[in-house]
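Now, the feature entries from TrEMBL:
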type    : residues   : note
DOMAIN  : 133-252    : domain 'Cyclic nucleotide-binding'
BINDING : E202, R211 : 3',5'-cyclic AMP binding site
DOMAIN  : 255-326    : domain 'Cyclic nucleotide-binding'
Amino acid sequence: MEPFQFGYATDEYTQLLTELHEVYCKDQPEDVLQYCANFFSRKLEEQRYMYLRQPQNHFLVTTTTTSIDGELEDNFSTEPLFMPAPNYNNRGRRTSVSAESMAPAGNKFVKKVIPKTESEMERIRNSVGNNFLFKNLDEEHHQDVVNAMIEMEVEQGKDIIEQGAVGDYFYVVDSGTFDCFITKDGQTNKVTSYETGGSFGELGLMYNAPRAATITATSDAKVWALDRVTFRTILMENTSLKRKMYESFLAEVPLLKSLESYERHKIADALESVYFDDKAQIMKQGDIGKQFYLIESGTAVFYKTDENGNQQEVNQFGRGSYFGGK
C-alpha cells in the first residue's frame, strides 16, 4: 500500500487521515461516506471520554442490574458500523449510556471486586487473554477486568440478546452453549456458536453499536459479564497511560529520535510489554530473530558461546537499548 501523502498539516491531522486510509484500504467498505463518518464519530467519542477522565471529572462505577434481557454485543459483523441518531422518543426501554454521560462529574472511579474462586478467575483470564482488546492490558488492568465481572445464569432457550437492541455488557461463557443468529431480508441464519471459554460483546461497548444478532442459550448456562462503564474505563485508561508512557520512552531511544511525533505514536500503539524474570533467557545464540526488543527497564546481559562451547559475557544493555529481529 502506498503511503498517504499530505501537504501542510498538523501531526494530529496527519495521524488521523493516515489511520483512516489504512483501515479503509483494509476493509474496502461499500458505503464510503458512512464508513468515514463512523471512523470520526468513534474518534470524537474517545476524545470526549478522555477529556472527561481528566482530574476535574472522575468516574463512578455504579452497580447495575444483572438482567440479561437484550444485553449482549456481537463481535462478528464485518459491515461498516452504523451509528444511528439518538431516539429521544424511545423512553420506555433500557438504552446504552453515551461516552459523554457515563457517570456524574466530580465522582471517583471505584474498582469493582466481585468474589470468585481461583479456578473461576483462571477461566476468565484464559478467555479474555485471547481477546485482541485485552491481550495488551498490563497485569493490574487485566486483574481489574477479572475482579469486576459479575456472574449471570441463563436458562436454556433464553435469548441473551435480541438483534437491534442495545447492550451494556461484555460476556465470557463459563459453562453451557449459545447459538448466534442473524436475520436479514426476513431470513434467519445461524452464523456461529459459543461454548465454555468463548467471549463476545466487546466491540459494542466501545462503539455503542446496535446488536447485529440474536444469541440464544442452547443449554442452561453461566456467563461472566463486565459492564460498559468498567470496561471502557479500564480499557481506555490503560490505552492512554500506555501511549503516554511509551511515547515518553521512545523519545529517549537514540534510534527513534529522528522520527516525527505521529510516527512514534504508531510505534507506541504497536508495542507490547513483555516481562522477564531475573536470569530468564530472552533469546538464544543461533536462533532466527522474530522479535524486535526495546528495553523499557532493567538490564539485559549478552553472552557469546565460542566453537569450544565456552560462554563469555560480551555486553550489557539498559533502558533505551534495542536488540532482536533484523
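Here the Cβ of each residue, glycine as well, is placed from N, Cα and C on the backbone.
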DSSP-assigned states of the domain 'Cyclic nucleotide-binding' (255-326) in counts, ordered helix, strand, coil: 12 helix, 19 strand, 41 coil
Integer mean pLDDT for the domain 'Cyclic nucleotide-binding' (255-326): 82
DSSP helix/strand/coil residue counts for the domain 'Cyclic nucleotide-binding' (133-252): 39 helix, 43 strand, 38 coil
E202 (3',5'-cyclic AMP binding site) CB neighbourhood, other CB atoms within 10 A: 22
